[in-house]
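Trainee: The transmembrane segment annotation in Swiss-Prot covers 34-54, 70-90, 102-122, 157-177, 192-212, 231-251, 296-316, 330-350, 361-381, 390-410, 453-473, 476-496.
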Amino acid sequence: MTINPSNVENSSSKINSYFSKLTDYIWPIKRHEVSKFLFITLLMFCILFIQNLIRALKDSIVTTMIGAEIISFLKFWGVMPSAFLMTAIYVKLVNKMKAENIFYLIISIFLTFFALFAYVIFPNHEMLHFSPVTVQNLMASLPNLKWFIWLLSKWSFSLFYIIAELWPNVVFALLFWQFVNNITTVEESKRFYPLFGLLSQTGIYLAGQFLENLSNINDYVTNKFALQSSFHTLSIQIILTIVLILGIIAIKTFWLLNHKVLDKEHMALLRFKAKKKSMTIAESFQMLLSSRHIRLIATLLICYGIAINLVEGPWKAAATKIYKTPTEYAAFIGSYLSYTGVFTILFVVLGSNIVRRLGWFTAAVITPLIVFITGILFFAVNNFERFAGLIIANFILTDPALIAITIGAIQNVLSKSSKYTLFDSTKEMAYVPLDPEIKIKGKAAADVIGTKLGKSGSAFLQSLVFIILPSASYQSISTCLMIIFIITCLTWLWATKALNKEYKNSIKFSQ
């Protein structure tokens, strides 16, 4: 029997073609792009690792040492005004400083505060805060303002919460993504953006594992260095020391990208300042309102913030019934962060190919659908005893509080996993074909204010209820929250469909 050489050659060609397609499917980065891609990924890893550590820490401190209900007050009365102030400062900086220096300045301010909180403020918080007797007397005389009194009496915890809340939207959403948008083409963004999370999002899993083992790390450090600090103080210092180290690595990585990795063409694109006459803050907001494209992006951010906040409040309140100290609560958050990291990597692998093969809309609509479905499930368990009883009858969970915590954790894991990958990447892709001036200043308003307005909008409603009805709890207002949640998710789905049309038109116009 003879073998036809042409058949062998054809088979070999088919095999090579198959492996080539498989390689492109898994790793669509071209050889000359590897260094650029990996350095951006390292920068993203550091920023997100910090983000997850301080997010867990702020909730652990505020929820266990003040109360879960205080979060709604902080988000509206503290975080939202700070977001507006930060936007005003950023627009001024854009018109006066180099983009690279803006990055260094803002990162340094955050890191300086975290260092002060870890080693000066928190160890002395009892001395710096109001006395318990004074607080109790004020709350007794002004019961409707008791949460404001708590907020001000524990001012350092409140300030830490506000600063930590600004990090993901100022550093990650604004500084990092604006930098990446300016050095990435539309064609590169389709391959780069979903895959940025493939390595960087492992920071979620590692942060979760770190927090889960915080007690063991604390014991090791105490024995190793014979420290006399209190258990919870040392836990907070350990977390924030890691934050400081990662922050320094992020600054160094950003410097290397600017001076060693990017070529002159990319450096020219890193001019955040518009070439036209500098715009005032009022003109910047007017530009935002005049752009339907930016308004729709802001709508997505607002809806996401409202939907997530409506579920997180009751969920965190339920969690404090079981996890009563900052270290215990941080370990609990670490456990669901670990699962979030695993599912995020899964979404990264699927998401990069969803964008390339099924298009922008399919990738963008997955997150609101996941949030909607899992959120409805949580509220059903939380509000309707018969539904919770059905779960008890079919699963091993028998504690109603544990059922709510578990369903809420599942909701958070799936929502955050899809948000960190599909939602963030498709949102950033929507900015790429825009005019440079709209991309820069419109993005500042949409990202910072849009995100915070979403969280603060629902926070205002919740805080208003707690002011009017001091005895109200998350359980008693949960049905109301569910109705608002449904309306928000339906609006989110509509805005996604409308933005898809705008995105396609912008790409055609830019080509």
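Cβ coordinates come from backbone N, Cα and C, glycine included.
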Trainee: Output the single range from 102-122, 157-177, 296-316, 330-350, 361-381 maximising the number of Cβ pairs under 8 Å to the transmembrane segment (476-496).
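Mentor: Stretch with the highest Cβ contact count: 296-316.
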Trainee: Mind pulling out the one from 102-122, 231-251, 296-316, 330-350, 453-473 with the most Cβ pairs under 8 angstroms to the transmembrane segment (34-54)?
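Mentor: Comparing 102-122, 231-251, 296-316, 330-350, 453-473: 231-251 has the most Cβ pairs near the transmembrane segment (34-54).
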Trainee: Sequence gap of 6 or more, Cβ distance under 8 Å, 3 or more pairs: do the transmembrane segment (157-177) and the transmembrane segment (70-90) meet that?
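Mentor: Yes, the transmembrane segment (157-177) contacts the transmembrane segment (70-90).
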Trainee: Which stretch from 70-90, 102-122, 296-316, 330-350 shares the most C-beta pairs under 8 Å with the transmembrane segment (231-251)?
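Mentor: Stretch with maximum Cβ contacts: 102-122.
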Trainee: Give residue numbers and ranges for long-range contacts of the transmembrane segment (330-350): same chain, 6 or more residues beyond its ends, CB-CB under 8 A.
Mentor: 26, 52, 55-57, 59-60, 194-195, 197-198, 201-215, 235, 239, 319, 322-323, 409, 412-414, 416-418, 420-422
Trainee: In the same chain, which residue numbers or ranges, 6 or more beyond the ends of the transmembrane segment (70-90), come under 8 angstroms Cβ to Cβ?
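Mentor: Long-range Cβ neighbours of the transmembrane segment (70-90): 59, 62-63, 102, 147-148, 150-151, 158, 161-162, 165-166, 169-170, 174, 281, 309, 313, 316, 444-445, 448-449, 451-453, 455-456, 458-460, 462-463, 466.
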Trainee: Cβ under 8 Å, sequence separation of at least 6 from the ends of the transmembrane segment (296-316): give me the contacting residues as numbers and ranges.
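Mentor: Same-chain residues near the transmembrane segment (296-316) but 6 or more away: 59, 63, 68-69, 71-72, 75, 288, 367-368, 371-372, 375, 378-379, 382, 404-405, 408-409, 411-412, 415, 419, 423, 427, 430-431, 445-447, 449-459, 462, 474-475, 478, 481-482, 484-485, 488-489, 491-492, 495-496, 498-499, 502.
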